[in-house]
Each structure stands twice: as structure tokens, then as C-alpha cells.
Amino acid sequence: MAKALLAVVVVAVAAVLELGLVGANFQDQCDITWEPQNAKMTEGGDHLTLSLVSNSSGCMLRTKKQFIYGSVSTRIQLVKGNSAGTVTTYYTSSIGDKHDEIDFEFLGNSSGLPYTFHTNVFADGVGSREMQFRPWWFVDSIPIRVFRNHEKEGVPFPTKRPMYAFSSIWAAEDWATQGGRVKTDWTKAPFVAEYRDIGLNVCECPGSGSGSSSSSNSTSGDAEDPACAQRCATSDHWYAAEGLCQLSDKQLRQMKAVQLGYTIYDYCADAQAKGRPVPPECSMPQY
């Protein structure tokens, strides 16, 4: 997936988000690294809820495995009803200051108003590559974003550091909903995100960081692991297949249609419109 581009895919029916569908077990595959009292596993670990109970007490899940290449999938039912000021996340990240990260954040809203899909990419600790989307009524295996590998042109790309997969729920009423104008109604707490079907199909690269804090960006981080990255990138597993290095013609048409109709923020367009320096990748081939 990360060999030549990153394809961000969201699948949803109403408030149910499906990022792949490979069955596994949260209890066996994951640890709760922040506020474990706010997590609840049932059905032998096949079903999980993470709760936000106050503005300082949410919850975080982290996979036990670290990896560079592969696929991580789960189904998420976001907070129902009035979710203003809440953020539910699903992302991969290495540990440390110069971390790599591929980020989904689902920004809550008032009852009846749509979530915002917030995406970002970090490489060598540099992010600010946000794109945001409004969801359409039905989302079905449609890629919404690509971040190509332009390392040869000097643009960092997240294929060096072992990453965990994370999911969390936390409070951000100062900015998450309509720029912070709509605050969280704490009388509605707890706010609950529900999970099923965690799937890990990855090339494991164990790193050195403990990652035990509530933040995935702890300063005691993982170094680059070029040997493992090279082994995974050149393996005969599916995630090293040449066909995963680009979207199909159908996927490309779908993504362009989504970006044309539902993008509400693009860091490249924003920099250009405001006369700021435009990141170099913005003028390079995007697909």
C-alpha cells in the first residue's frame, strides 16, 4: 500500500464506517493504552466500545503489532446523535518526534448534521497535509485520497519507521465542530464509538518504542528500520504487489468525483489561495 502511493478508503452506511472487512479479535490483537476503564470488550473480544466520559477522559486502542506495509481494517460505528466537540480517530503512527502517520479523524457535529472526515499524512515528523471531506449518504469502498511517493524528489514518505494502528475517542470542543463555535453537550455523555472486526494483515517490524503513554507521539520513539522496510517491500506478499501501487481506472474516477463534490479543505489549494509557500508535492503528479 505504501510502496508508491497511499490510498485512503472509507466505507460507510449512515454512521457505520467500514475500513476493510477482515474478522479478528480485539482482545488478542490490541491493548487499551489510555483510560482502559472507558473501554469495554464483549462477545469474547469481537465487539468493543470506547467511551468519552469527560473533557479529559476518553480512550485509546493500540495494536500489539508494529508494521510498515500491510492492511489494518475495522468497522466503526461513530457516536450517535449530538456528537459535537468529539473526535473519533483511526490511524497508523510510529512513536517519536519525527514520526510517520496516516490519519483519519471523524469530527463530530450537532444532531442531524454530517460528520467531517479529516485526513492527514505525516512523514519525518512533518504533517500539515490535511484534506477534509463531508460524507455523502452512502460510501462504499471508494478511495477518497492519494498521497504519492515522491521521495526521489525530496518529499518525505512514511515507509521507514514501524507503526502501530490506533483508534481513540477524545474531546476537542475548542476546534472540532464548526471551528469551535459549537460546544459539547456534556449532559449527553458518555459518547460511545463501537467497533467490530479488527483485521491485521501486515508485515511485522517490531520497533523499540514502548508507546505506553496516551500520546502516540511520545518522544522515546522508534528509529528507522530500513532492513525490515526493504524485506517487506520486496516480499512476495500481497502488500508488495505492483498492482497496489496505483488505483484502477474505476477507482480513480470514483475518487475524482468524490473530491470534486465533497472536499471542504485541501492544504494545497489553501496555501495557493492565501499566497503561502505551496508544498512541493502539490505541483507533482497526484495519482
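The backbone N, Cα and C atoms fix where each Cβ goes, glycine too.
Listed in TrEMBL:
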ACT_SITE  E101  active site, nucleophile
ACT_SITE  E105  active site, proton donor
DOMAIN    1-195  domain 'GH16'
CARBOHYD  N109  N-linked glycosylation site
SIGNAL    1-24  signal peptide
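Cβ-based neighbour count (10 Å, all protein chains) for E105 (active site, proton donor) stands at 21.
For the pair formed by N109 (N-linked glycosylation site) and E101 (active site, nucleophile), distance between Cα atoms is given as 25 Å, rounded to the nearest Å.
A mean pLDDT of 86 is what the model gives for the domain 'GH16' (1-195).
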